[in-house]
Amino acid sequence: MSEPILAFKAGKATRREGTNTVEPSATKGAIILQNEDGLLHFKWKNRESGEVEEDLILFPQDASFTKVSQVTGGRIYVLKFNSSNQRHFDASAARDEEFASQINVLLEDPDRVLVWGESNVASTSAQVIQPTEASSSSAVGTIPPGPASAEQIAHLSEILRNMTAQQTQNRPTVSLRDVLTRENVAPLFTTHPELIPALFPHLPPDLPIPPSPEALQRVVNSPQFQEAVRSFDQALHTGLLGGLVRSLGLPEDAGTGVEPFLRAVQNQAEREGSGSSSSSTNQPHERDQDHMETD
Amino acid sequence: MSGDEGSSGWQLTESDPGVFTELLKTLGVDLIVDDLYSLDSDALASFQPIHALIFLFKWVANSDERGGGSGQFDTAFPGFFAHQVVNNACATLAVLNALMNIPSLTMGPELSDLKAFTTGMDPQSCGLTITSSDFLRQSHNALSPPSAISLDGLDIPKTSEDAYHFIVYTPVAGSLYELDGLKQYPVKHGSYSEAGEGWVAKAREAIEARIATYPPGAIEFNLMAIHDDALPKLQAELKASQDAGRDLQADQLLVRITEENDKRAKWALESSLRRHNYLGFIHALTLALAKAGKLQPATEKARTVMKERIAKAKKDGKSMEED
């Protein structure tokens with residue numbers, strides 16, 4: 001893939017030699033994230049000359065992108081490498097420490113996959129962003145503040161998360177097949193029978209046996225279901241199911257891997273509680289009815 | 001085999017009798033497909049009249065691809081024969097090579113049209129016609145799980161799920177023929193006697209001879225028979241026995257009818273399970289586990305299992321692929 005996966009306007013800032021002062025340069029530029037040959041490139045392009053003046057390869061645990069907190073009146077972020085010189089970037093239109101810290105954490109530990117609350121992801125999408133070069137027609141102009149760049153920073157996080165997911169594709173940490181085993185599922189029927197009816201609507205509509213705990217057991221134990229879990233598990237490992245999991249009402253990052261999916265569902269369970277507000281479970285007062293029906 | 005350029009929108013299907021029978025129903029053909037566990041007379045007798053036999057096999061990993069049938073190519077074959085153009089379509093292709101040669105077979109309009117259209121066509125063109133038929137492709141793909149959570153297009157290296165080779169044995173114009181979509185022509189095994197078991201006796205010889213050519217353990221194979229639906233006949237016989245007071249015979253028929261109905265019920269269940277999209281179910285089940293407080297412990301256990309699996313794979317020198 002040589003299409004940029006993320007690009008946003010940003011200037012460069014350099015530390016004045018021998019001082020602790022970081023000076024932003026007036027040169028208009030852009031940060032471009034690009035996948036080349038499986039490596040993530042972090043480029044800084046001079047928008048006035050059109051030249052790519054910095055081309056750095058990001059490895060997890062080697063790079064971090066942090067805000068320089070001492071700066072007032074603007075936002076300076078530093079792209080730090082453990083190995084070599086630091087690079088400073090002025091992304092003053094960027095929104096938030098939160099995003100930068102998310103990026104940081106990912107760069108430090110690719111195995112830690114972050115779960116975003118729905119509000120964070122609401123404004124993002126997994127679409128490829130065209131480089132801002134395409135949209136800026138004049139060389140004159142200031143870096144616009146506001147939502148556009150915030151979104152792009154969020155995309156940077158998304159991309160890095162996907163990069164993380166892809167990195168772990170070759171070493172998955174957990175398989176859904178090992179979670180949704182008969183042994184794990186069977187106790188549900190005795191310990192939490194009130195949760196079972198919520199599964200009925202998801203049975204095959206033309207199942208020749210009527211919905212019941214027995215029918216559910218048969219489905220869970222069937223090779224067809226096991227194969228579907230295997231298939232979904234494998235698809236999750238690609239990190240590309242963001243669009244698909246949204247159809248389940250889950251945040252997009254739940255489609256980036258098995259761990260994110262599980263965490264998103266865990267979050268959903270905690271939000272919905274044991275029956276207080278959601279559509280997925282029965283109200284506590286219906287418990288007795290359910291017991292009667294399944295007897 | 002299933003991952004090469006030969007998929008063209010045809011999904012790989014399972015090769016079991018329930019799947020085949022469902023395909024026949026979609027094609028408007030009122031015949032049944034059953035597994036044959038043996039070619040001896042008793043086994044065959046219960047399915048007679050048999051219209052075609054399907055021998056399917058695949059090479060066991062690392063086998064030497066030797067062996068095969070004998071007989072002579074018939075370049076003037078009077079019946080229907082199509083080449084296998086797309087690997088994943090092999091099951092449907094075999095079924096068509098069988099059905100289209102059954103005389104006076106009642107079939108659905110699409111199949112009738114196809115038969116008329118391909119009359120006189122050479123095997124390659126026949127094969128191309130079949131693989132470009134939307135109706136056939138859709139009927140075929142309906143036999144496998146929905147693609148919403150399949151991996152087509154995601155560029156995942158597929159697990160080594162090789163397609164079976166299918167070979168049809170069926171009588172045409174007084175001779176036993178072997179129709180193999182990967183061979184250039186049908187193979188003629190010669191004439192047979194209508195008496196007794198009829199053509200299947202000759203087929204037995206040819207199939208046993210073929211099996212003998214493979215080194216032991218080199219292939220996994222299966223045999224299936226395409227035959228009339230026995231239920232109407234059994235039910236008629238049952239009524240006759242009951243009316244005539246032949247209790248023992250009635251009981252035996254009842255047993256066979258019950259077995260047959262159980263088998264159909266099993267097929268109906270499998271078909272329903274096979275065609276279902278489990279995305280919602282998987283989510284709901286995972287959510288139920290979470291609400292029961294069981295998801296996190298299950299996930300912890302699963303992580304340990306994965307670690308052990310990876311460690312073992314490393315030790316065994318394998319690369320970490322999905323199994």
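The backbone N, Cα and C atoms fix where each Cβ goes, glycine too.
For the domain 'UCH catalytic' (B:9-228), the predicted model reports an average pLDDT of 88. Annotation source TrEMBL lists domain 'UCH catalytic' at B:9-228.
Taken from TrEMBL, the feature site 'Transition state stabilizer' applies to B:Gln84. Close to B:Gln84 (site 'Transition state stabilizer') in the fold, though at least 6 residues off in sequence, lie B:Cys90, B:Leu93, B:Gly127, B:Gly181, B:Leu182, each with a CB less than 8 Å from its CB.
Residues annotated as active site, nucleophile in TrEMBL: B:Cys90. Mapped onto three states, the DSSP output places B:Cys90 (active site, nucleophile) in helix.
Per TrEMBL, active site, proton donor is recorded for B:His165. Counting only same-chain residues six or more apart in sequence, the Cβ atoms lying under 8 angstroms from the Cβ of B:His165 (active site, proton donor) belong to B:Leu56, B:Phe57, B:Lys58, B:Cys90, B:Asp180, B:Leu182.
If you look up TrEMBL, you'll see B:Asp180 marked as site 'Important for enzyme activity'.
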For B:Asp180 (site 'Important for enzyme activity'), the number of other Cβ atoms found within 10 Å of its own Cβ: 22
Around the Cβ of B:Cys90 (active site, nucleophile), the count of other Cβ atoms that are within 10 Å: 24
